[in-house]
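> The annotation ATP binding site is assigned in Swiss-Prot to G373, Q374, S375, G376, S377, G378, K379, T380. The domain 'ABC transmembrane type-1' annotation in Swiss-Prot covers 25-307 and is backed by sequence analysis. Summarising the annotation, Swiss-Prot assigns domain 'ABC transporter' to 339-574. According to Swiss-Prot, the transmembrane segment annotation covers 24-44, 61-81, 158-178, 251-271, on the basis of sequence analysis.
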Amino acid sequence: MFDRHTLSLYKRLLKYISGYKSAIFITLITIAIIAATEPLSAIILGNLVDESLIEKDPNSFLLLPLQLAAVFIVKGVAEYFSKVMSTWIAQKAIFNIRSELYDKMLCLPQAEHNQTSTGTLMSKVTYDVTQTGNALSEAWIVIARDSLTILALLATLIYYSWQLTLVMLIIGPIVAFFIDRAGKLMRTSSTDMQDNMGEMTHRLEEGLKGYQDIKIYGSEKYELDRFKASAESLRQNTMKVIKVSALNVPLVQVIAAIALSIVVYIAVQMVNAETMTAGNLITYVTAMGLIFEPIRRITNINATVQRGMAAAKSIFAILDTPSEANNGKIELSNVNGQIDFNNVSFSYLGTEKTALNNFSLSIPARKTTALVGQSGSGKTTLANLITRFYQVNHGTITIDGIALDEIELNNLRANIAFVSQNVVLFNDTIAANIAYGHEEYDEQAIMNAAKAAHAWEFIEKLPEGLNTIIGDNGTLLSGGQRQRLAIARAFLKNAPILIMDEATSALDNQSEKLIQEAMNSLRKNRTVIIIAHRLSTIENADKIVVLEEGSLKEQGTHAELMALNSIYSQLYKQGNLSEQV
């Protein structure tokens, strides 16, 4: 059950309950009491036979039944506290593991999120942590309690007849062999179960998020078949674990029953030969019968342990993944906003194509710079590098002459507001979404930000106003309304650097006009980087940068680039800018 690797994992898990020493101490006391009551009940039954039935001792008729009742009462109380305390400890551990895992996921580099599906990560937080918690709550209590019980009963058996006990101990190595073999089989299948659960959760997440596309393209059967394939793989691996577990327990019981039959036969002969009293026989047989139940439970818990250890291995793989590098010590203040790319090269993990190749660019402070180029030209990559979602392979990026990796990461991002075309809103109030990450803002500040983003015009018409719950990712709002809330969030943050990645693509003409008016005000005294589809969002930019396959091809104002009669001019004249930027 516990090979070296399993012990290593379990020891690491135990650190999550090491802070609850008082609760653990109480649990261990109750476990010891439970273990002691098992042989006591067997001894009392033996004494009842010898003293009450054979010797006819009048005092034993009342005393021994009372003792037996007291033992069971004490055992019942101890079992109650043992169950409650062990579950409390395990639930605390589950909370700690789940919180640490989620915190780790939030700190993982963007590249790790790109390689692992959201559904797989969700499965680790929900399913894997639960399996690990079961191993902590059930396994340690069963192993501790039943190991002590077995030792107590074994001591009783040896005391009453060490010769008979030797016969029973022969089954020990046989039982251990079957438990070890079953453990290895269940560990493999349990690991596959974790993967199947992650894949199934991923399929479910994709289906629920993209249900409109699934319906419009008539792909319901295709998606259902993919989901059923994942669910079937999970079912098959679950059945493998169940079959091994179901075979393991009765096999051990059959071996134990054979040993019991042999021992009972020999013991009866000893009673007939008057080398053992009838009471001692009852005590011995009762103790031997009692010892098989904790053996069965320990054998049965093997499946839970293996599932938990497979899940723990999966969890620790995430926890051991390096977090985002944050070695910077400099805290920015009074940011001017000059951004420089100096011979920067970058490629995404797992791809051979270079996204940026020896790229250099100066983005002037407190000016608006627009990035133009076809899909894959490197526009969004530049934005992701400025925010340090990714690290450059070569070269440096500086803000006001300070390299990004020398700036404390949280401080860097505190000075940047980011509005993406993929608006992320939360199932909370409008006010909470606008003030996201800045709970200290009062309602008036939130209202002013909403007005600046021209979001107030629809917010004030809602029955609950700023307190309106907007649904999962703002599903109760239109695309333009969701976009304006995201822009209001950027207004409220009031960072010296603003990045707008196609931020007005979801707006109608009227909404865009209102946003452009607000943006003209927001641009003052801050560095603005715009990646937009529509010409109206970049025509008035202080600087337009034309990118192509990760290289800078042209830069200048709209008038200057038109005069060059090159890439930008051709896009403009062909009327394709709105589709190719």
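From the backbone N, Cα and C atoms, a Cβ is placed for every residue, glycine too.
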> 10 Å Cβ neighbour count around K379 (ATP binding site)?
23
> Counting other CB atoms within 10 A of each CB, which of the binding-site residues S375, S377 comes out lowest?
S375
> Other than its close neighbours in sequence, what residues sit by the transmembrane segment (251-271), given a CB gap under 8 Å and a spacing of at least six beyond its ends?
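Residues 161, 164, 167-168, 170-171, 174-175, 178-179, 277-278, 281, 284-285, 288-289, 292, 295-296, 299.
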> Got a sec? Which of these binding-site residues, Q374, T380, has the most Cβ atoms within 10 Å?
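Of Q374, T380, the one with the most crowded Cβ is T380.
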> Over the domain 'ABC transporter' (339-574), what is the model's mean pLDDT?
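Mean pLDDT across the domain 'ABC transporter' (339-574) comes out at 87.
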> Counting other Cβ atoms within 10 Å of each residue's Cβ, which of the binding-site residues G373, G376, G378 comes out lowest?
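Minimum Cβ neighbour count within 10 Å, taken over the binding-site residues G373, G376, G378, occurs at G376.
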> Excluding G373, Q374, S375, G376, S377, G378, K379, T380, please set out which residues of the same chain place their CB within 8 Å of the center of the CB atoms of the ATP site, keeping sequence order.
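Close Cβ neighbours, site residues excluded: T381, L547.
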